[in-house]
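Working notes, beginning with the structure itself.
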Amino acid sequence: MEGVMEENTERGTSVAVKGEAAIKPEFLTTKEKFHDLIDSEWQGCKGETTGESDTPEEVKDTSVGEPEPKRVKLDPEEEKKVEKTDRKRFRGQNKSRPHTKPTTYEEKRLCLSVIQKRECTFGDKCTFYHDVAAYMASKPADIGERCYLYETFGKCEYGLTCRFSKEHTTPDFQTTEKEDLVKAFEGRTLTKNNLSKDLQFRLRKRSVAFEKSEEYLKTLSNNKDKKRHHGNANQVEVCAPEGSADPKDENVAADKQLNTNPDNPPPVKTLGPLTDADVTKLRPCEKKQVDFRDKLYLAPLTTCGNLPFRRVCKRFGVDITCGEMAMCTNLLQGHQSEWALLKRHESEDLFGVQVEGCFPDTMTRCAELINNNADVDFVDINSGCPIDLVYKKGGGCGLMTRTRKFEQIIKGMNHVLDVPLTVKIRTGVQEKSSIAHKLIPEMKTWGVSMITLHGRSREQRYTKLADWDYINTCAELASPIPLFGNGDILSYEDAMKARETGVSGIMIARGALIKPWIFTEIKENRHWDISSSERLDILKDFTNYGLEHWGSDTRGVEKTRKFMLEWLSFMCRYIPVGLLERMPQKINERPPYYMGRNYLESLMASQNVGDWIRISEMLLGPVPKNFIFLPKHKANAYK
């Protein structure tokens, strides 16, 4: 520790910094030395490959400051002296970040009719290129010589607009195909749950029928009427003289007379014979069964938990994957961007979707819509989202305090679904007032198939440590329904400790973003000292999956880059195992400035946005001139 003390003295402190990971002294450095090394070697590499020695201007402009160092917790007396202005509450998002559409990176695009070899429907009014030669002259230079889509599937549907088009374009601007590969993939659906134009049109015109939902919602309204009727009947009963008839008995007798009288037509028009399917409902035990126990569950991650990232995690052994949180109202309105969150790759063998909402009618209809138009193994209700936008409307964590609505939502969704319904919750809303243990016994009776509990409250968000003792208590209350625990798992040792509690399985969120190979570590019970080149190969796989999912044209390339940069804002927190003085790395410990065992390892440790852009340029070519990026998530979990 003396070496650490000396190094920390050089870095400006006289003692070991609280809240920082313990790294071997020989790798520690200062902020200035770290960035001098990164910048000098990067300029050297640029000079060798392109003949340029200066850093690109766009990289300088997009670089922003790094997260502030962790504030050391003061004594209670000193804490009182801190002014209220200094007690700024840190939020988890950069809400004022610029939003740039990927289409703005191309001044003028090639008309789709030229790519599809058909007549343009806009005629002379079309503002896109129709002259292929003129488009190719203005098109940005190709990123590489090999097109992943062409080599994998035998053809590239983006044709001339592909940023790797040299491989599949002839000198006279014709696209080529590999017939053997095209035949191999013919009739094979790699991505499911696409929103069809017909369904989108019917959703926008509100012409989609929700028969099961209306049936359930009618029972809710009938129950309200009955409660009002019983309330009035009780008042009459108190005031009625002795010996008078009971209004309830009269109502029952009237109902019997109505049902037995052949002159009265039935309340519902019938056509044809009555079958068993008309009168028999699907019992819970007859629904599709999913064995959740002892599985590794990748949490639904907003922004970063996209389909290409889930494919990366599937390679490393995750068992259960789930789409990003989707707003039920946007799904019902046919928003293309929201339906994209439901897409499922063929490699995802156990896949679910997560929906968010706050009212029984919209959530029930949304569940029926998914049940009839998407291929999923389960549907998850997000009642743990802490963000204000969701909570203030009564959704997310707000559902935990609205138990009556919560019950109606769960029962309604169960009524219309043929697959299991799961719920993700937190310990509660306030930090010192946990309510999950009160909700879980009730949810068992409502028909939930599985519960996931994040061991923090909404007030905590992602700060402080998850309460695994409380998770264990809730797991005992949930039995025999499986309960998954979630929070602070970054190594196989953390996973082993979590499994020692009564949980049926574990869900991993930020741990997978920091090191997606954590699933391999857990299954093989080992620490993996993964090299920087192996980590770059993981990013290459993500790049290829992104080009396949979002496209290999300029728009798809920049969309892939954007999501890669969002992921790198988490991945940079990883500290290689060989550099740690004490294993394992903890998720709430901030990495200090350190030099890696090679330049790439040091570059991947940088928390500067400009360095993340450099990594993306290694895989996706130079950024456009007007490129701007700010990460969505701040590292407030260190605060």
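Every residue gets a Cβ built from N, Cα and C, even glycine.
TrEMBL tags one of the stretches 255-275, 444-464 as region 'Disordered', and that stretch is 255-275. As annotated in TrEMBL, zinc finger covers the listed stretch 105-133 rather than the other ranges in 105-133, 482-510, 569-597.
Non-local neighbours of the domain 'C3H1-type' (105-133) in the same chain are 158-161, 173, 554-555, 558, 624, 626-627; each lies 6+ residues outside the stretch with a CB under 8 Å from one of its CB atoms.
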